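Listed features, source Swiss-Prot:
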- 8-60: domain 'L27 1' (DOMAIN)
- 84-142: domain 'L27 2' (DOMAIN)
- 185-240: domain 'PDZ' (DOMAIN)
- 249-317: domain 'SH3' (DOMAIN)
- 374-561: domain 'Guanylate kinase-like' (DOMAIN)
- Ser42: phosphoserine (MOD_RES)
- Thr141: phosphothreonine (MOD_RES)
- Ser145: phosphoserine (MOD_RES)
Amino acid sequence: MPVAATNSETAMQQVLDNLGSLPSATGAAELDLIFLRGIMESPIVRSLAKVIMVLWFMQQNVFVPMKYMLKYFGAHERLEETKLEAVRDNNLELVQEILRDLAHVAEQSSTAAELAHILQEPHFQSLLETHDSVASKTYETPPPSPGLDPTFSNQPVPPDAVRMVGIRKTAGEHLGVTFRVEGGELVIARILHGGMVAQQGLLHVGDIIKEVNGQPVGSDPRALQELLRNASGSVILKILPSYQEPHLPRQVFVKCHFDYDPARDSLIPCKEAGLRFNAGDLLQIVNQDDANWWQACHVEGGSAGLIPSQLLEEKRKAFVKRDLELTPNSGTLCGSLSGKKKKRMMYLTTKNAEFDRHELLIYEEVARMPPFRRKTLVLIGAQGVGRRSLKNKLIMWDPDRYGTTVPYTSRRPKDSEREGQGYSFVSRGEMEADVRAGRYLEHGEYEGNLYGTRIDSIRGVVAAGKVCVLDVNPQAVKVLRTAEFVPYVVFIEAPDFETLRAMNRAALESGISTKQLTEADLRRTVEESSRIQRGYGHYFDLCLVNSNLERTFRELQTAMEKLRTEPQWVPVSWVY
């Protein structure tokens, strides 16, 4: 078969070589010869010639082994060389850029509007998200086969399994690995996602480091880290491989609710390997194998680093030193110590604000969602900071898109009042019964009458196809922050004292307001604003400083428009 194949290919090549002398010998037109050469050089014609040759062998009852058949057609080479790779793994971001560009022309072009509609379809978005997940290989590794012997991996490593690994680096450059002592040996404890070693893939967790540039490493992890950090040029590591299967990162994203600086952390195994972040940052957790230290990276990009785990940070924040005091009869040096008895409390809704102050906020798992419209817009802020003015302006600006609830009250209606216009009127007994049944988002009493917002009123506005705009107390956000109401929480922050005083003075002069606030009132507003931000800042999606009502309103409009065109990070409980 190989001989026949060679002869057939040689014959075709001879025809091609002789085409150059055909014009003078046959008088053929040059254009026709070019056409003939194209046919002869066509891969299809060459394949047909090979098929004819194979059919001839079959007619002659000549057996040809499959390996020669594959080699003859070149199939084995194509199978080895063909490797499909994704062009990119961030197609969702590309689509969002396209949608932003289409937003400018969608109103003038029906084709652009139709394209924008297709690109925002949930099925299409899910397809892109699945493609990006496969392209970036962020899928979970299947569990190991139960048939494998667990003791197999614990067998001693033969001496000939020692490997030499070469790495080129500059002095001071971190390799992205940490070490631990195990059985008197230095073992790779973790490999930081995105680091030099992780990118090269030459080292694995569990590998034993024996030598660095021919020098034994001993058993001190800090000394080895210092040696590797200061090394430059070519670094040769002598290792005993662990043969452990690497774990692919799982897609876990969290929103941080505290600031962290590894340089100030005395517990971190390696300060240089730590990842700094601030409250509100979004991180991807790429490794949670260690109970105390996770590996994470910022969603915007960059190398991974170590961060304290949920368990470690909870222990650290919950730890309170025992209050010690000397007993009345004790001496200065030899007296006994007694601890103050701690107060124990059961959770009560009436003590909701008290428990909020002691809530431990570490990480919140979130998920990235395609653009969608929120059902409620919640404005939080101190009294007198301008929440109600912003709510009214937003509803007047687009009454078809935004709406609000009608509050309920137990007071009797005035002669000029009508049911549902300004207030809904019910008896005090009925309202108290509904409050006990949990049908009110919030309620209060003023001059002997009850006032409140019913949860069903919010549902009614949402059912009408509108975004329900609410200006409520911060405690109410905990009730609203569910998959049913998917709120967008905006904190209206009070400006500094001088700006607030100037705003009140300008409102009086223009006739917008008739109430002159005292300095005590203004300072109370600033202090209350700071207190709300400290206690409930983890619930806020956006913070706006209301130093100018018109500018703040425009910023609020812009933020609401972005929700329709840009991806959003929401609590994972809203999705699953």
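Here the Cβ of each residue, glycine as well, is placed from N, Cα and C on the backbone.
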Set of same-chain residues at least 6 away whose C-beta sits under 8 angstroms from Ser42 (phosphoserine): none
DSSP helix/strand/coil residue counts for the domain 'SH3' (249-317): 14 helix, 24 strand, 31 coil
Ser42 (phosphoserine) - helix vs strand vs coil (DSSP): coil
